[in-house]
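Lifted from TrEMBL, the feature list:
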| type | residues | note |
| --- | --- | --- |
| DOMAIN | 195-328 | domain 'SRR1-like' |
Amino acid sequence: MGDTNNSEPIAAKIPRRYIPGWKIPHRRSVEPGDIPTLEEAKATIDRLYESEVPFFTKELIQDMWNQIKQEPTSGDKVITKDITGATVGCDVDTGRVCRMRNPEDDTELVYVCKELVLYYNCRAHLRNEIDQRDYPLSHWEPCSVIIMHRTQELDSKTEELVPRRGPLDREVVAKVFYEKTQEWKESPACEKLKTILSSSAKDHEINKVVVFALGTMSFQYFNEEGILDTTAGWQSAFQNALLVTIIEWLKERDHKEKVPCYSQDPAQSEVDKEILDEAGIEVIEDPRGWLEVDEQSVVVSIAPNVPVKEIITDIARPAVIIWGRVEFLDGLGQGYTDPDSSRVRAMMEGYELYEFGPDKDIFCDIVIYIRKSVAAPTPSDGRFS
């Protein structure tokens, strides 16, 4: 599928800077209860998880998104529920100026808290947070969905906003996307994908494609030497080309002129949006993707830094899933952002696995999972058995 190394012209070296992209504000229970020991806290997480209490629900995600859309200001609180059902208030710090030492050169770094977004904690994240402590809890709010602020750097002397790095030129990105789409369409993996879908998903009701974490084709990423590296953009272009194949397959199968395809990744720029829109892919903001997923969806996710598998497992049973091979990497005691928990493994028992052999350097180790049941399952009491 072509060379993914940097064989094209690159920019001159520029200095790299450490810039924190996010800040998680404080949160506290509205009605504080007894504070557990570290072992008691982990036992509570495990008990709730093993009893199949959903850690993620569309209702909770929708409610928090509604609060964010009301544009709360500094001093306000966004209300969430932790996994025990307790009400938790998350502080809003919009406009707050923060200072820290730059770990790369020990200079002062100043940044300001900007817009709010959602942050997701699965079971492994909640447990690992406790395992990393060597001192007792002073409070405990085990929240699966909280808020965080995007941040922007300020000049340490003037405290004026430092402009964010802009995306690559549209023409450059469009050219890469077109070239990688053609390369993908000519690959054996593309043909095998279409063959598998045509033979094994021909009878499943599918009305949309929902995509997570395909990155950006347009970001100006600079490597350790301060040189522009476009590899990530090429990977994203290839991955989005896969979506085009799925859309075209569905349009042909169902004799439709249009099939909705939604792509959720906060890294996507206006340049990405314009180019993908022309390909029939609508870039949407988090958390709309979770709210779109249902039993009539194709879900695609490649190497996310959020627990996509855990969230999908709690909220839906999509007709087709294309994501990293599910193994036994439950993330407990490890730093996996998208672990293969026991719930995820149990869900995948209802799916057939198909290999289609895409380049692992571009697509990681993704495989196709097609739901064994053509008929969509119905959750009982908000849970899937």
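Backbone N, Cα and C atoms are what each Cβ position is placed from, and that goes for glycine too.
Curation plays no part in TrEMBL annotations; they are all automatic predictions.
What you see is a predicted model, and the numbers here were worked out from it, not measured in a lab.
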Count up the helix, strand and coil residues in the domain 'SRR1-like' (195-328) according to DSSP, in that order.
52 helix, 24 strand, 58 coil
Mean pLDDT across the domain 'SRR1-like' (195-328), rounded to an integer, is what?
95
